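Below is one structure, written out as structure tokens; comments come after it.
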Amino acid sequence: MLITDIYADPPAKIKVIGVGGAGGNAVNNMIMSNLSGVTFIAANTDVQALGVSQASIKIQLGEKLTKGLGAGAIPQVGCDAALESLDQIKAAIGDADLVFVTAGMGGGTGTGAAPVIAKAAKEMGALTVGVVTKPFSFEGKRRLNSAVNGIADFRQHVDSIITIPNDRLVQLAHKKATFAEMLRKADEVLYHAVKGISDVIIVPGLINLDFNDVKTVMSESGLAMMGSGLASGEGRGREAAMRAITSPLLEDVSIDGARGVLINLTSSSDVGMEEVAEASNVIQEAAHEDANIIFGTALDDEMGDAIRVTVIATGLSNSAFEAVSAKAASIQNTVVSPMNPNPTTRINPTHNQHNNAGYQQQNTYNQQQGYNRSPSPVETHLGAGYSYDPSRKQHFLGNLSEEERNQPSFLRNPVNKNSAVHTPGDISFSFDDDDTYGTPSFMRKQAN
């Protein structure tokens, strides 16, 4: 009876809230990828987008304010819509222990509503983790500026925030990759970030962790970065770990500045303890000597011969955040500056015809949104660069040539044709030109 009592506590209640269009798409992808052990919530001003959501809980934000339309790319509209629906948001969060808030930054609903939702979750006692994307550079300066400011606001209301730069996905892709596939890959990266954390809590493994272990690393930790590596064959544990900590998605921010590191190793049950130790040692050598490192494993026999290592580095410094923001702004070859003082002229024409109905009483958005404000701290520090220490890279990459060291690790090794087929959560890129693999990988997977 005593043993039964020890294990009587239910697992941590985990909820994923997708905010806006991009957040809703990410949630749909997680559901289709069979992410288990979590409750999915979709929150949007756009009632049509909610209509195609597969989430079990749907919240129409700002029903009176936007009357079922989108936020017109105005973050303040998204913010006010979330405030109007705050009671519904809190009811959906309930007694959750861990809440992921995922959104695409740069638009209206995600940028404006996500901070409101995150603040509510945190005030209700949940460990709150933000997982957001930054827009592609071709989406324009204004959207990028809005994303930078939105992330700066969002991070004030979460325990940890993981940012995924969409432009990094483009850099990794083959030039013939379709736009649809890029959007799908962005959703997959968001999926993998959430799964890497939730699996540590839910999925049993050789080294079991619980919610309190995750909370220790991620509570009040600020900026976080996610890297993932997949490898098979000889030395797979070490190679997967290497690929995770040198992931192009890390935006040149090294984990040696992190205050906490969460490691999740996923493999089949035949993984050797030596392989687990090798993977852990690689990351421990790269991390700061005073970092709090939490290591866990998850068993999944569908992994076959492969090992996946996911690393979440938390507690990165403000200078790292500013450097990342500066790098995003430099893509546009411009310094982030206050937005156009008349943003309402930039609203999508499809919303203009409904302007009087949905936004009739919102004449002060220009002042509220702060277009004539002073530059934010992020903007005033855009000149500060971030220097990645190449000696750490040399320490791990050994005697490779300069050309090989500059090449992403997953590209240095030949890729088996069979591994080109996309699997849920896989962020390794393989774009084939032959007829057999001419169809985008995510479409091949769905057809199976």
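Glycine is no exception: its Cβ is also placed from the backbone N, Cα and C atoms.
Per TrEMBL, GTP binding site is recorded for GLY21, ALA22, GLY23, GLY24, ASN25, GLY108, THR109, GLY110, GLU139, ARG143, ASP187. Residues annotated as domain 'Tubulin/FtsZ 2-layer sandwich' in TrEMBL: 207-325. Per TrEMBL, compositional bias 'Polar residues' is recorded for 335-354, 407-421. Annotation comment: TrEMBL describes 355-372 as compositional bias 'Low complexity'.
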Candidate with sparsest Cβ neighbourhood (10 Å radius) among ASN25, THR109, the listed binding-site residues: ASN25
Cβ neighbours of GLY21 (GTP binding site) where a neighbour is any other Cβ within 10 Å: 20
Densest Cβ neighbourhood among GLU139, ASP187 (binding-site residues), 10 Å radius: ASP187
Tally of residues which DSSP labels helix, strand or coil - the domain 'Tubulin/FtsZ 2-layer sandwich' (207-325): 49 helix, 38 strand, 32 coil
Cβ neighbours within the same chain of GLY23 (GTP binding site) - under 8 Å, at least six residues apart: ILE17, ALA42, ALA43, ASN44, VAL101, THR102, ALA103, GLY104, GLY110, ALA114
Segment-level pLDDT (mean, integer) for the domain 'Tubulin/FtsZ 2-layer sandwich' (207-325): 83
Largest inter-residue Cα distance among GLY21, ALA22, GLY23, GLY24, ASN25, GLY108, THR109, GLY110, GLU139, ARG143, ASP187 [record-listed GTP binders, Å]: 19
